[in-house]
Amino acid sequence: MSRAPISETMTAPVTVGVSLGDRSYDILIGPGLVAKAGAELARRLPGVRAAIVTDANVAAHHLEAFQASLSASGVDAQPIVVAAGEKSKGFDTLQEVVSGILEARLERGDAVVALGGGVVGDLAGFAAGIVRRGMLFVQAPTSLLAQVDSSVGGKTGINTPHGKNLVGVFHQPQLVLADTDVLDTLPAREFRAGYAEMAKYGLIDRPDFFAWLEKNWQAVFDGGDARVEAIAQSCRAKAAVVARDEREAGDRALLNLGHTFGHALEAATGYDGSRLVHGEGVAIGMALAHRFSARLNLASPDDAARVEAHLSAVGLPTKLSDVPGGLPGAERLLTYIAQDKKVARGALTFVLTHGVGQSFVARDVPSSQVLAFLEESLRP
Ligand SMILES: O=C(O)C(=O)C[C@@H](O)[C@H](O)[C@H](O)COP(=O)(O)O
């Protein structure tokens, strides 16, 4: 007798709580959650109507099933389909989404549901945060990156030519539904990009998780229980940080490991996903943060080499020269870094490290040191 697919053998999803007082919510992780989305919404948000914000790629795979699930539970829903890709995280597409919600005459007590990856989640969440001064919000992340990172914690926003995520609001969801079956339709490159954010939690303060990933990454890529477990571990790690510092007054900035360099690279490549997607920027950024820490004698070069070896083993880029199409010079990259939201009174902030799983927030990093390091890293 052949084995039943995992969606039939595992019935109960893993639940991870995000503890934020009266804004606390659950993250459900497991197979088959698209089919259960309607029942979860109807039970948790009785009488709610919804706008389902999604992109054209995700719509082709999952919109019909998602809508059917909502409709079967009596949740009236209007789809709003935007173009796929980071370029949709801008004012023009935000306007489209806001208009779609208003034209559907949704009320403040209705929900914006983000069915998609990080771009859709950040965009839809921002719309939910500003339409009628704040509607309900549900995340149904369909990429690994969104399941382990962007769907959790309430950061929403859009990019501008000045930099990444520079306009947005904190707006927590009421519920996150991470259906692990949908990851089966994810292109390999997108899965790897999400894996970078997963490895990040190990590098921040969970060295055991990083060591586990070094041994088990192939099983995580293959799917099944190892993947569900790794997603749940990632969400637990993120939920713990968010619960103690929701609005990044302090150590939530640790979740930005690799992002100061990574965001500058995304801006420098014009958010062109054919050259660099967010998770790839983060992978290069994490490798650079470890190398920069070693350069400043804060960490051993062996740790930097270990991080680079693991990221390379899974097929992620780790060097500036891995970005196709070339990059602007160090001065220009520094201009993007200076727009980072962690900059305080003009001083640069980086997440640096004393070693694997020993990251810390370094405020007031001299720009001359960053510039010298970038020049060195850009050299062939
Ligand atoms: O949730 C957070 O806090 C993070 O920093 C997680 C990041 O991985 C994520 O990409 C986030 O959206 C970046 O935030 P930003 O404040 O640097 O724009």
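For all residues, glycine too, the Cβ spot is worked out from N, Cα and C.
Computed from a predicted structure; not experimentally measured.
Here TrEMBL flags 80-192 as domain '3-dehydroquinate synthase N-terminal'. Per TrEMBL, NAD(+) binding site is recorded for Gly118, Val119, Val120, Gly121, Asp122, Thr142, Ser143, Lys155, Lys164. The domain '3-dehydroquinate synthase C-terminal' annotation in TrEMBL covers 194-343. Feature annotation from TrEMBL assigns Zn(2+) binding site to Glu197, His259, His278.
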Margin query: Among Gly118, Val120, Asp122, Ser143, please name the binding-site residues whose Cβ is nearer than 6 Å to ligand 1.
Written below: none
Note to self: Quick check: in three-state DSSP terms, what is Lys164 (NAD(+) binding site)?
What the structure shows: strand
Checklist line | Taking residues Gly118, Val119, Val120, Gly121, Asp122, Thr142, Ser143, Lys155, Lys164, which bind NAD(+) in the record, the widest Cα spacing (Å, whole number) | finding: 21
Notebook entry, point to check: Sorted by position, what residues of the same chain at least six away from Glu197 (Zn(2+) binding site) have a C-beta under 8 A from it?
Noted result: Leu144, Leu145, Val148, Asp149, Ser234, Gly279, Val282
Next item on the list: Pop the Cα-Cα gap between His259 (Zn(2+) binding site) and Asp122 (NAD(+) binding site) into the table, whole Å please.
Entry: 16
Checklist line | Residues that sit under 8 angstroms from Val120 (NAD(+) binding site) by C-beta distance, when 6+ apart in the chain | finding: Val53, Thr54, Asp55, Val58, Val82, Ser88, Ala114, Ala146
Note to self: If I take the alpha carbons of His259 (Zn(2+) binding site) and Gly118 (NAD(+) binding site), what is the distance between them in whole Å?
What the structure shows: 15
Next item on the list: Please list, for the domain '3-dehydroquinate synthase N-terminal' (80-192), how many residues fall into helix, strand and coil according to DSSP.
Entry: 50 helix, 30 strand, 33 coil
Notebook entry, point to check: If you take the centroid of the Cβ atoms of Glu197, His259, His278, the listed Zn(2+) site, which other residues of that chain have their Cβ within 8 Å of it?
Noted result: Leu145, Asp149, Ala196, Lys200, Gly258, Gly262, Gly279, Gly281, Val282, Gly285
Notebook entry, point to check: Out of Lys164, His278, which of the binding-site residues has the smallest number of neighbouring Cβ atoms within 10 Å?
Noted result: Lys164
Next item on the list: List the Cα distance (Å, whole number) between Lys164 (NAD(+) binding site) and His278 (Zn(2+) binding site).
Entry: 10
Notebook entry, point to check: How many whole Å apart are the CA atoms of His278 (Zn(2+) binding site) and Ser143 (NAD(+) binding site)?
Noted result: 12
